[in-house]
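Read the structure below first, then the notes.
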Amino acid sequence: MTLRSAMADNPRFHWSQWIFPGPRRVFTAAELARAGGTGWSSAIDCYVYTNVVLIVAIFYTQLPPGSALAVVISVIAVSMLGLLVARWLWRHPTRTRYNLVSLATGVAIATTQVSLSKLGWKTQVMESMPFVIGGMSLMMTSWWFLTLYRTQQIESRLRELDAQQERIAMAQRLATAQIQPHFLFNTLASLQHWVDTRDERAGPMLRSLTRYLRATLPMFAQERLPLEQELQIVRSYLEVMQARLGQRLTWSVDLEAGTQPVITAASLPPGTLLTLAENAITHGIEPSLRGGHVAIRVGMTASANAGEGGLLRLEVEDSGQGLTPDAYDGLGLSNTRERLQAQFGAAAQLGLERASPGCLAWIELPLQPSHGALVGDQAAAALPHTRPAAGPVPSIDAAPTRPAHEPTTP
Amino acid sequence: MMIRTLIADDEEGPREQLRAALQRLAPELEIVSACANGVDAWDECLAQEPALCFLDIRMPGLSGLEVAHRLAQLAEPPQVVFVTAYGDHALSAFDAGVVDYVLKPVEDARLQQCLQRIRQRQAQVAEAADATDAAPTASAAASLPTATLELLRQLLPAHRPTMRPIQASQGREIQLIPPEDILFFQSDSRYTRVVHRDGEAWIRTALKELLTELDAQIFWQVHRSVVVNSRFVASATRVDENTMQLSLKGSEEKLPVSRQFQGLFKGQ
């Protein structure tokens, strides 16, 4: 809590602030790493030096001729020291640091003055006293404001980041809530009929639905999900939709040659690919009179094959209705974009394009471990065919191993 | 009395489930049509003139709400029951009982309740018809849609994608006709005739599919096979009790207005 808010909360006199002033909140190293992004600007150094030089120049003629140069050098040295302290406070703005450094400065200046007068410069010391005290007060006041400013800056940045995170979490919950009821009850309506009429389609549909639910329900508790699991969820989803829409939907999952190790190793925010597949169905296939085809493709960009700085590219293309002007504002899409941003920063891209016919959605993720795409899953990558043990998300059972290149369903 | 009934749902499972449930619970319903999209549902409504429609809200082409909106503007609108997968908040608007709704998967108890309302309303319509012999389906049925129409208008999405120019191929040339130049569309069994300011063209798209792209404020359907640009309508002439004709600016042709759409031209 800063001094100002401490006073606002409680109008009583704060003894500790009288004796030991400054912000009361102390940031942990983690908090500083998270919110203390902006470094010390060298523009401030330039500003301070310019002012010091100007003031010295103005008063230069009035300085005693013998010690003028010594005074100039010591003033510049003191400003350098002052700026060093300022940087130190910037890195870790606490009132302990501020008070310690103020005390040390006071003691140092007093010692210097006393020593100088003992050495026989008593008159000069007495004459320069107002300037020395003025300069010292100015420096300490600057440090004090710097400490306060910096504390407030970090505090508000932390608050901002918290709010942002909360918003993302909320959007995720909204997205799950938005997806599931409609999908679920529509599926159950088909299932109900087939169970009533003892249709043989009921069994496979129920199995796919179970697999889909088992994988998706705990999905959002995870921060990231291996791409392999995400692909399985998408397959189960498309199987269910295929059963419901019948001949109006065909689909395929194509894994480009050589992507298998990447698929085992890479991970992404859960539901990323699923959201694109759901969009393709709800905005592409379902509104289209004749239905269409949904193609999921996993590949690498050309530079990835060359080595350095490559990207993993995921594509979902449908041959349905095509883009409407409001397609860009969908909650699912902006939500996905935000989550990719949170995980990979600017390195990940999500795009939506017109295809003929229909629509193409793509995601590009950094492949290099240094970018974070594969960090944490490297161990799993070392053991092919072992699913990464990803916390509470159950591995999808009952799914037979599929050939890498998979032309699927009628 | 048999009640002519239409069912529309884009998925086979729920559609057949509803059909089976209705046949089991209400033998007096005669299911005249089961459609797989909104465009077919609207077309079948014009052809079959059902007295009762079960419409899925989410359908390709025209949504259930859009079909209902069009139906409500007809001279003798059918009763509408919406079928939807989950408790859409918009549906609570219909709780007043003007239009009913059921949730998928349809449950017998809820459907019974809905059928009970339908029977009551049918009885009212019949009573009203007996009272005023001349106009067979006057007050009871006709008083329903105004409120419904307003509700539906509020529930429908504010805008549809704006219409692109019609592309008609003539030999090797593809002609682009801007919608504002079109006088009317007339459908053949397989083609649609597009009459515009500078002549006419034939396109392969069926009229009922074109409807999903046309701005309903400007392009009025006046007959099952005719959609006219209202800006070119000069006058509507009543020929006899059941027949009405439109004269157009810039064309000698006279267009028929079917009985269902004569409410569009009231004359005040």
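Glycine is treated like the rest: Cβ placed from N, Cα and C.
Just so it is clear, the model here is predicted, and its values are computed rather than measured.
Taken from TrEMBL, the feature domain 'Histidine kinase/HSP90-like ATPase' applies to A:268-369.
The region 'Disordered' annotation in TrEMBL covers A:385-410.
TrEMBL lists A:44-61 (among others) with the feature transmembrane segment.
As annotated by TrEMBL, transmembrane segment applies to A:67-86 (among others).
Outside the transmembrane segment (A:98-116), and at least 6 residues removed from its termini, the chain residues within Cβ reach (under 8 Å) are 20-22, 85, 88-89, 124-125, 129, 132, 136, 139-140, 143-144, 147. Feature annotation from TrEMBL assigns transmembrane segment to A:98-116 (among others).
For A:128-149 (among others), the entry in TrEMBL reads transmembrane segment.
Within the same chain, residues 2-4, 21-23, 75, 78, 82, 85-86, 89-90, 93-95, 97-98, 101-102, 105-106, 109, 113 sit at least 6 positions outside the transmembrane segment (A:128-149) and bring their C-beta atoms closer than 8 Å to a C-beta of that stretch. Helix first, then strand, then coil: DSSP counts for the domain 'Histidine kinase/HSP90-like ATPase' (A:268-369) stand at 42 helix, 32 strand, 28 coil.
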